[in-house]
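> Grabbed the feature section from TrEMBL, which reads as follows:
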| type | residues | note |
| --- | --- | --- |
| DOMAIN | 600-664 | domain 'CBS' |
| DOMAIN | 697-755 | domain 'CBS' |
| TRANSMEM | 68-92 | transmembrane segment |
| TRANSMEM | 153-175 | transmembrane segment |
| TRANSMEM | 195-215 | transmembrane segment |
| TRANSMEM | 227-243 | transmembrane segment |
| TRANSMEM | 255-279 | transmembrane segment |
| TRANSMEM | 332-356 | transmembrane segment |
| TRANSMEM | 368-385 | transmembrane segment |
| TRANSMEM | 441-461 | transmembrane segment |
| TRANSMEM | 468-487 | transmembrane segment |
| TRANSMEM | 515-540 | transmembrane segment |
Amino acid sequence: MVNAGDMNGSGNLMDFLDEPFPDVGTYEDFHTIDWLREKSRDTDRHRKITSRSKESIWEFIKSLLDAWSGWVVMLLIGLLAGTLAGVIDLAVDWMTDLKEGVCLSAFWYSHEQCCWTSNETTFDDRDKCPQWQKWSELLVSQSEGASAYILNYFLYIMWALCFAFLAVSLVRVFAPYACGSGIPEIKTILSGFIIRGYLGKWTLLIKTVTLVLVVSSGLSLGKEGPLVHVACCCGNFFSSLFSKYSKNEGKRREVLSAAAAAGVSVAFGAPIGGVLFSLEEVSYYFPLKTLWRSFFAALVAAFTLRSINPFGNSRLVLFYVEYHTPWYMAELFPFILLGVFGGLWGTLFIRCNIAWCRRRKTTRLGKYPVLEVIVITAITAIIAYPNPYTRRSTSELISELFNDCGALESSQLCDYINDPNMTRPVDDIPDRPAGPGVYSAMWQLALALVFKIVITIFTFGMKIPSGLFIPSMAVGAIAGRMVGIGVEQLAYHHHDWIIFRNWCRPGADCVTPGLYAMVGAAACLGGVTRMTVSLVVIMFELTGGLEYIVPLMAAAVTSKWVADAFGKEGIYEAHIHLNGYPFLDVKDEFTHRTLATDVMRPRRGEAPLSVLTQDSMTVEDVETLIKETDYNGFPVVVSKDSERLIGFAQRRELILAIKNARQRQDGVVSNSIVYFTEDPPELPPNSPHPLKLRRILNLSPFTVTDHTPMETVVDIFRKLGLRQCLVTRSGRLLGIITKKDVLRHMAQMANQDPESIMFN
């Protein structure tokens, strides 16, 4: 017997793995990352940089650059996300108006921009100017009458169909991942799942272009959710330029968390709300360092958007409001009722939308995505055009519903009967009886509410970019405005009732219907997404209504309580489960009294666990084991008899190590012994060179005993982000529990289909 280390000086060759080789430490598509391993690799990298920085000035400068790279990435993300959001806002304004007419002086101007530049516009007819012509005026020189209406109606539908068809075709051909909201997948990716291409350059380009098209087509969807996806694509692109982030999936996710905050910051003009949204809703791992960087990225993004000034009002937000009266305690009752409505609408929407999406996945309907988009767009355009509240863009509708009725408002919603003897300041108009315009607006709003509720269920989830924030807010704002007008008229006609007597005297401005619209919007958005803190902050940043935090909080909390009574899942979690992603939600509670031995594999009657031994298997044995199984990794034991655990080897790294060894190390053949120990085993003379794979062995895999409660195991998986956990008894290997096993067990305990968890 001779020691293999002495053979032909091969000792140096056998340690070739001490130098890293390409692709080691990377993950395959649709697999989960190992958070602990990524953290430890980053710590090692940081330790190396710190020790080298003392060697020379150049190394010290490199260490400074490494420390600053995080802030540079945040700056770049903020600049690009803000610029893209500004361009999208401007393009949407122009293309939405293009469905109704065109500006003759400059065709790239929207209706509002066209009439700004006109000298012939009067204040009363500020939407009419000779430079802006409807299609009927341009084509048949008629602005009124049945033929003009029919022509405008027809062209409105054709433009909508053209935009929607172009969008769904681009998504289908160039970037299938550009469809949907993107937030369910972002949440899953941030929890440690790999979806290659989901945050790629093509997805970024196509999502940006198609987002403009679908919002302009008039479909019941928003651009806010997809903007989070767009910002995360920017984050992924910039993190790939810095090795600190491109080579470490855990660090990359810190950048993506901050990018999500920048996305919400530019979607709503709410930088603080964006940071809280990332923390509350999408992020899985959110250290304090990421909080500061998210804040910086959101700040830069908001600053960039403000510089572009897409809304032309020198403000970041579309829905800026100024109310002139405070709210009163008695109004908390209708605010809470709006919260109840928001919770019920959220529950209804989630159940109906998930049922429809499941039907789309399991029937022939899913094979015709283009046809589905065309049909839904046609139905939306045909029903929306006759009603002025559904014809305009949803953002404009919400803006009008939030507005307070001043003396200069020309909206139908402000058609009150004025007292001819009134001599009060312009800002403080007392409550007045509703005029015919308000009553017809109420009917139109009621029809718009039913239409929005129904059509949004079928629109969200189609193969186009589709956000849910704005449609949900529109449903709530319509309901809120109607309740607000009702309370206002009740207070006017019955000011002697006990509930109004203390705070609503005749001739006073008591009730602000726009505030009810704002509270209703928050309630419905909360009911669908189950957001609370970030929602309230986004709402007051969105409207500038800092004074109205308490009504917003009351409505948000009520809607969450009501919706949670029917089911704990928000719309994003429901879509994650529908798609079978391996997402272990921090909010889920596990209260069952099962043990690790009940969940681990192999179970009784199954084939024994596939393992590697420390020094008795050949290269061919390892390759055969890899070929015959599809496991992500293999426990390494002393021997198959003793089953004493010594470590865990990843499948991908075994494949790469053997492939590299065959290419770079002479004498490694199929019957070479593979060993994971420090010293090579003793082998007979003339044996082929053994292969040392100790470098790829994880010597401290996470283990639990067979009697560990599953409640503890679930907690460990959640808080440490494990891929798998080995089950032992007195150091002897019994089995393995993977993240997929945990999720399937949780689904089984909740009486759901465990086979719905599809990925590893």
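Cβ atoms are placed via backbone N, Cα and C, with glycine included.
The shown structure was predicted, so the numbers you read here are calculated from the model rather than taken from an experiment.
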> Taking a Cβ cut-off under 8 Å, which residues six or more beyond the ends of the transmembrane segment (468-487) line up next to it in the same chain?
181, 220-225, 267-268, 331, 334, 337-338, 341-342, 345-346, 349, 389, 394-395, 397-398, 401-402, 413, 434, 438, 442, 445-446, 448-449, 452-453, 456, 459-460, 511-525, 527-529, 571
> Where else in the chain does the transmembrane segment (153-175) make close Cβ contacts, counting only residues six or more beyond its ends and a cut-off under 8 Å?
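Residues 95, 98-100, 135, 200, 202-203, 205-207, 209-210, 213-214, 216-219, 369-370, 373-374, 377-378, 380-382, 385, 391, 462-465.
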> DSSP on the domain 'CBS' (600-664): how many residues come out helix, how many strand, how many coil?
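Each residue of the domain 'CBS' (600-664) counted once, the result is 24 helix, 17 strand, 24 coil.
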> Considering pairs 6 or more residues apart, do the transmembrane segment (332-356) and the transmembrane segment (441-461) have at least three CB pairs under 8 Å?
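Yes, the transmembrane segment (332-356) and the transmembrane segment (441-461) are in contact.
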> Tally the residues of the domain 'CBS' (697-755) by DSSP class, grouping H, G and I as helix, E and B as strand, and everything else as coil.
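Per DSSP, the residues of the domain 'CBS' (697-755) fall into 24 helix, 19 strand, 16 coil.
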> Please average pLDDT over the domain 'CBS' (697-755) for the predicted structure.
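When the pLDDT values over the domain 'CBS' (697-755) are averaged, the result is 89.
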> Let me spell it out: take the transmembrane segment (441-461), skip the flanking residues so only those 6+ beyond its ends count, and list any with a Cβ under 8 Å from a Cβ in it.
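Residues 180-181, 219-221, 345, 348-349, 352-353, 356-357, 360, 376, 379-380, 383-384, 387-390, 397, 411-413, 415, 468, 471-472, 474-475, 478-479, 481-482, 485, 571, 575 contact the transmembrane segment (441-461) from elsewhere in the chain.
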